[in-house]
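Okay, structure first, notes after.
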Amino acid sequence: MALNVVILAAGKGTRMRSDLPKVLHPIAHKSMVQHVIDTAHSIGSNAIQLVYGYGADKLKSALGEQQLNWMLQAEQLGTGHAVAQAIPNIDDNDTVLILYGDVPLIQASTLEALLAARPDNGVAILTVNLSNPTGYGRIVREQGKVVGIVEQKDANAEQLAINEINTGIMAVPGKALKTWLGRLSNNNAQGEYYLTDIIAMAHADGVEINTAQPQSAIEVEGANNRVQLAQLERAYQAREAEKLMIAGANLRDPSRIDIRGEVTVGMDVMVDVNVIFEGKVVIGNNVSIGAGAILIDCEIADNAEIKPYSIIEGAKLGVAASAGPFARLRPGAELMQDAHIGNFVEMKKAVLGVGSKAGHLAYLGDAQIGAGVNIGAGTITCNYDGANKHLTVIEDNVFVGSDTQLVAPVTIGKGATLGAGSTITRDVGEDELVITRVKQKHLTGWQRPVKIKK
């Protein structure tokens, strides 16, 4: 049977107090509904039906050109009515998995367990036991078998005492789902078409109903307001931090780290507090990352060090390279083995060769820098002429004095020395010494101006 996923994402989310549709509010810089979509893809979904309503334009803009079937729910008449909008894209032989766009922490392993629990031609529902089940639909059993789900507002005193609750997530055979949805009624306390009513129909039809449970109740928590959104964010971060520690990272304080993408770590990685990871970050063995650093879409090789408050974006650090504190590597920057940049050095589309150093206060853009090069404080590669970018090439073992400007395009030959305060506008040959600053003058008897008293 093909797996067909229906994601309900039509709600406005009034309690969010926002113009943004509820499901677009982010967890770890990714919308809640995108988390759900990604999880659906990860379990091998053949098709995803996204049932939408409020904020259609914003939803379509945010989710882009993904492989989704957009199914409009013009009126919000209940969960059963929402799922019914997807019927045109459901085949009789499909296994239909129903998910929710505001339940972002559901794990692939939980959904796989749910699908495995579904009997042939039967139903599987995801349930959880809560000490305080108030507000949730209760799982009604007779002699241990599920016979129905009753919503909070429709439950009697005996049913309200039940601790096993419905998460709303279920796996249903396509043909039966179509039949049951067609038989739904809105004759209930809320005047809605409850999806949960199909469970009683399944029981009445003699269909076997199994249950599965998540590893943690937080997986099935939704977010209806910003407080709950923040709680889900913290839960997500705790889960991701745990993965890093299991993989070999030592987190100084696991509660003070933000992971907003896919992070891969080697062994004995040290991560100080308030570090942010975004996008795809790959970190080797024995890497040290200082407090307040931000790593975005970057690769860090073994034994490298990122000192506090440095920003590494779209860049690479080679073996035993170091950056910071307060350094910035922008897209296309690369530090080769044993290379170092210090505080307030910025690089973009530039390579700093093996063992080369730029200790402080420099801008290196559109530059190819060889091995064993020293970049003095205040050095700037003047790479932009107002219209186009140009390349600076600094070959091996060059010494660049402090406060030097290199006006690109320009090449500095091997072993050359550039005197402090020079402005280099022409190529420099190998082993040459170049000084372009004006001759120093000594004016004796000169008096400094004084303020005129008024």
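Even glycines carry a Cβ here, placed using N, Cα and C.
Positions annotated as region 'Pyrophosphorylase' by Swiss-Prot: 1-226. Summarising the annotation, Swiss-Prot assigns UDP-N-acetyl-alpha-D-glucosamine binding site to 8-11, K22, Q73, 78-79, 100-102, G137, E151, N166, N224, R330, K348, Y363, N374. The Mg(2+) binding site feature in Swiss-Prot is assigned to D102, N224; the stated evidence is sequence analysis. Among the features that Swiss-Prot reports, region 'Linker' is placed at 227-247, with the record citing sequence analysis. Under the heading region 'N-acetyltransferase', Swiss-Prot lists 248-454. Residues or ranges marked as active site, proton acceptor by Swiss-Prot on the basis of sequence analysis: H360. Under the heading acetyl-CoA binding site, Swiss-Prot lists A377, N383, Y384, S402, A420, R437, citing sequence analysis as support.
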Original post:
Which of the listed recorded positions (R330, H360, R437) has the least company, meaning the fewest other Cβ atoms within 10 Å of its Cβ?
Top reply: R437
Original post:
With DSSP, how much of the region 'Linker' (227-247) is helix, how much strand and how much coil, in residues?
Top reply: 21 helix, 0 strand, 0 coil
**OP:** Go through the chain and flag residues at least 6 beyond the ends of the region 'Linker' (227-247) whose CB is under 8 A from any CB in it; none is fine as an answer.
**Re:** 16, 25, 27-28, 32, 104-105, 218, 221, 254-255, 257-259, 263-265, 269, 271
Original post:
Other than its own, how many Cβ atoms are within 10 Å of the Cβ belonging to D102 (Mg(2+) binding site)?
Top reply: 26
Subject >> Greatest C-beta neighbour count within 10 angstroms, which of the binding-site residues L8, A377 >> reply: L8
Original post:
Of the recorded positions G101, E151, R330, H360, which one sits closest to N224 (Mg(2+) binding site) when you measure Cα to Cα?
Top reply: G101
Subject >> Proximal but sequence-remote residues of the same chain as G11 (UDP-N-acetyl-alpha-D-glucosamine binding site) (Cβ under 8 Å, at least 6 apart) >> reply: P21, K22, V23, G53, Y54, Q76, D102
**OP:** Report the same-chain neighbours of Y384 (acetyl-CoA binding site): residues 6+ apart in sequence with Cβ closer than 8 Å to its Cβ, ordered by sequence.
**Re:** G365, H390
Original post:
Fewest neighbouring Cβ atoms within 10 Å: which of the binding-site residues N224, N383?
Top reply: N224
**OP:** Compare the C-alpha of G101 (UDP-N-acetyl-alpha-D-glucosamine binding site) with the C-alpha of each of the binding-site residues A377, N383, S402, A420, and give the closest one.
**Re:** N383
